[in-house]
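Trainee: The structure is given below, and queries will be raised subsequently.
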Amino acid sequence: MLNLQPYENPQYFVYLIIALLPVIIGMFKGFRMHWYESIFSLVFLVLIFDADKWPQGKALLGYVVFNLLLVYAYFKYRTREGSKNSTAVFYLSVALGIAHVAVVKFTPLFQHHGSILGFLGISYLTFRVVGTIMEIRDGSIKDLNMWKFIQFLLFFPTISSGPIDRYRRFVKDYDRVPDPEHYAQLVTKAIHYLMLGFLYKFILGYIFGTLWLPSVEHMAMASRGGAFLGLSWPVVGVMYAYSGYLFFDFAGYSLFAVAISYLMGIETPMNFNKPWSHITSRLLNRWQLSLSFWFRDYIYMRFVFFMMKHKWIKSRVWTAFVGYLVLFLIMGIWHGETWYYIVYGLFHAMLINLTDAWLRFKKKHKDFFPHNRATHYPSPFSMTANAVCFSFLIFSGFLDKLWFH
């Protein structure tokens, strides 16, 4: 049976655009065919998880049923008359929401094969489930339509790797039909993003990831015996080649996901906004935006508020420091259970905390450090970009291969 992985090759887009034609025509005529969109999404989900991927399909089905019941039960509890909004019930609901992905992430620590609960996109579905539970807790979601929640949870264009959307924002788009003029603008943007995505993923991503990266990795492994910790100039080449591959491959995928969403009348948030910014904190706020904002809103802000409420740390500076440390440690663990993902997260926390410390120091000693381009931030491809590229070298796992294999 035909198996199609999201945005894997140009042939995939031929099937996708043909299937989307009724949706596009309907939008231009001023109506949305929810029934067709549901069938279309179901067919493409089946094509992702059929054949040898069927075990993942069964895991996805079990995950969806479990979490639909979880979210529905928590919503009913939270909105019933006289609800005490128990913190214990909330924590239990969040814990159950992340239980599947936690099992999948940590199973390789105890056995040589992955968990039977794993499937493509489990992390991104978990973000949607947990984010919805937290917004129900806050009272932001006062009306939860389970059919619309299913559409949100299984929204096909973004199911495998985001961008991460929010239930309330998604439903606003899902419930309305954009006027023809606005939809024409969405289609124009979608075409632009598709073309740019092809350039990024299938051309530049191929150059960095297929043509250059294996060559410099081979040179780095061959020269590791004559250098301290195996570090040599070819390792620098690996750092830049992998950083280029990671950016263009993932940015290309994200552009595809946003473009297809636009064609369906859903304005999924962008994942990148001029990411090679001057300051580390700005770069991280422009790189994989939806993930950064999710962690900021649902982990960092809540953890900082919790520390301040319970007066764990009196200093706001140290509160922010600990908040960033916890945030990026969790983000590192989310990527995987290996040491280099954890170090990657802690390294990013260090970069942001050092940047903030420098800006505070400069402000305190402004007579000696005037506010100008030289003191406010390094140039885009000097200190900041090199530090971030080094973090991607850590993230790649190549140092683990270089040192331990």
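Just so you know, the numbers here start at 1 and follow the chain as drawn.
Using the three backbone atoms N, Cα and C, a Cβ is placed for every residue, glycine included.
Here the structure is a predicted model, which means the values were calculated and not measured.
Positions annotated as active site by Swiss-Prot, on the basis of similarity to another entry: HIS335. Per Swiss-Prot, intramembrane segment is recorded for 146-175, 275-310, and the stated evidence type is similarity to another entry. Feature annotation from Swiss-Prot assigns topological domain 'Extracellular' to 1-9, 50-53, 112-121, 224-232, 400-405; the stated evidence is a curator's inference. Per Swiss-Prot, the feature topological domain 'Cytoplasmic' maps to 30-33, 81-86, 139-145, 176-179, 265-274, 311-315, 373-378; the stated evidence is a curator's inference. Residues or ranges marked as transmembrane segment by Swiss-Prot: 10-29, 34-49, 54-80, 87-111, 122-138, 180-223, 233-264, 316-335, 339-372, 379-399.
Help me picture where these features are in the structure shown.
Mentor: A simple way to gauge crowding: the CB of HIS335 (active site) has 15 other CB atoms within 10 angstroms, across all the protein chains here. In the three-state DSSP reading, HIS335 (active site) counts as helix.
Counting residues of the topological domain 'Extracellular' (1-9) by DSSP class, helix then strand then coil, yields 0 helix, 0 strand, 9 coil.
Remote same-chain partners of the topological domain 'Cytoplasmic' (30-33), defined as residues 6 or more beyond its termini with a Cβ less than 8 Å from a stretch Cβ, comprise 22-23, 177, 179-180, 265.
Here the topological domain 'Extracellular' (50-53) has, by DSSP, the following mix of helix, strand and coil residues: 3 helix, 0 strand, 1 coil.
Outside the topological domain 'Cytoplasmic' (81-86), and at least 6 residues removed from its termini, the chain residues within Cβ reach (under 8 Å) are 137.
For the topological domain 'Extracellular' (112-121), the residues of the chain that approach it from at least six positions outside its boundaries are 5, 48-49, 53, 55-57, 59-60, 62-63, 100, 103-104, 159-161, judged by C-beta separation under 8 angstroms.
Sorting the topological domain 'Cytoplasmic' (139-145) by DSSP state (H, G, I as helix; E, B as strand; all else coil) yields 0 helix, 0 strand, 7 coil.
Taking DSSP states H, G and I as helix and E and B as strand, the topological domain 'Cytoplasmic' (176-179) has 0 helix, 0 strand, 4 coil.
Residues 23, 27, 32, 155, 157-158, 162-165, 169-170, 173-174, 176-178, 183, 186, 250-251, 254, 257-258, 286-291, 293 of the same chain lie 6 or more positions beyond the ends of the topological domain 'Cytoplasmic' (265-274) yet place their CB under 8 Å from a CB of it.
Long-range contacts of the topological domain 'Cytoplasmic' (311-315) within the same chain, counting only residues at least 6 positions beyond its ends with a Cβ under 8 Å from a Cβ of the stretch, are 322.
Beyond the ends of the topological domain 'Extracellular' (400-405), by six or more residues, the same chain brings 220-221, 224, 229-230, 235, 338-340 to within a C-beta distance below 8 angstroms of the stretch.
Within the chain, the transmembrane segment (10-29) has long-range Cβ neighbours (under 8 A, six or more residues past its boundaries) at 4, 36-37, 40, 43-44, 177-178, 180, 183-184, 187, 194, 198, 202, 260, 263-265.
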Trainee: Could you tell me what the rest of the chain brings near the transmembrane segment (180-223), counting residues at least six beyond its ends with Cβ under 8 Å?
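Mentor: Cβ under 8 Å, 6 or more out: 7, 10, 13, 24, 27-28, 30, 230, 232, 234-235, 237-238, 241-242, 244-245, 248-249, 251-256, 258-260, 262-263, 265, 267, 398, 401-402.
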Trainee: Go through 87-111, 122-138, 233-264, 316-335, 379-399 and flag the stretch with the largest number of C-beta pairs under 8 Å relative to the transmembrane segment (54-80).
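Mentor: The listed stretch sharing the most Cβ pairs with the transmembrane segment (54-80) is 122-138.
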Trainee: Please report, as numbers and ranges, the same-chain residues at least 6 past the borders of the topological domain 'Cytoplasmic' (139-145) whose CB is under 8 Å from any CB of it.
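Mentor: Residues 71-72, 75, 78-79, 132, 167-168, 171.
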Trainee: Assess whether the transmembrane segment (379-399) lies in contact with the transmembrane segment (233-264), where contact requires at least three Cβ pairs under 8 Å among residues 6 or more apart in sequence.
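Mentor: They are in contact.
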Trainee: Which residues, given as numbers and ranges, are at least 6 beyond the ends of the topological domain 'Extracellular' (1-9) yet have a Cβ under 8 Å from it?
Mentor: 15, 44, 47-48, 50-53, 120, 159-161, 197, 201, 252-253, 256-257
Trainee: Report, as numbers and ranges, which residues of the same chain sit near the transmembrane segment (34-49): CB under 8 Å and 6 or more residues beyond its ends.
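Mentor: Apart from its flanks, the transmembrane segment (34-49) reaches 2-6, 16, 19-20, 22-23, 26, 56-57, 60, 119-120, 151, 154-156, 159-160, 174, 264.
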Trainee: Other than its close neighbours in sequence, what residues sit by the intramembrane segment (146-175), given a CB gap under 8 Å and a spacing of at least six beyond its ends?
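Mentor: Answer is 5-6, 34, 37-38, 40-41, 44-45, 48, 64, 67-68, 71-72, 120-121, 124-125, 127-129, 131-132, 135, 140, 250, 253-254, 256-258, 260-261, 264-271, 288-291, 293-294.
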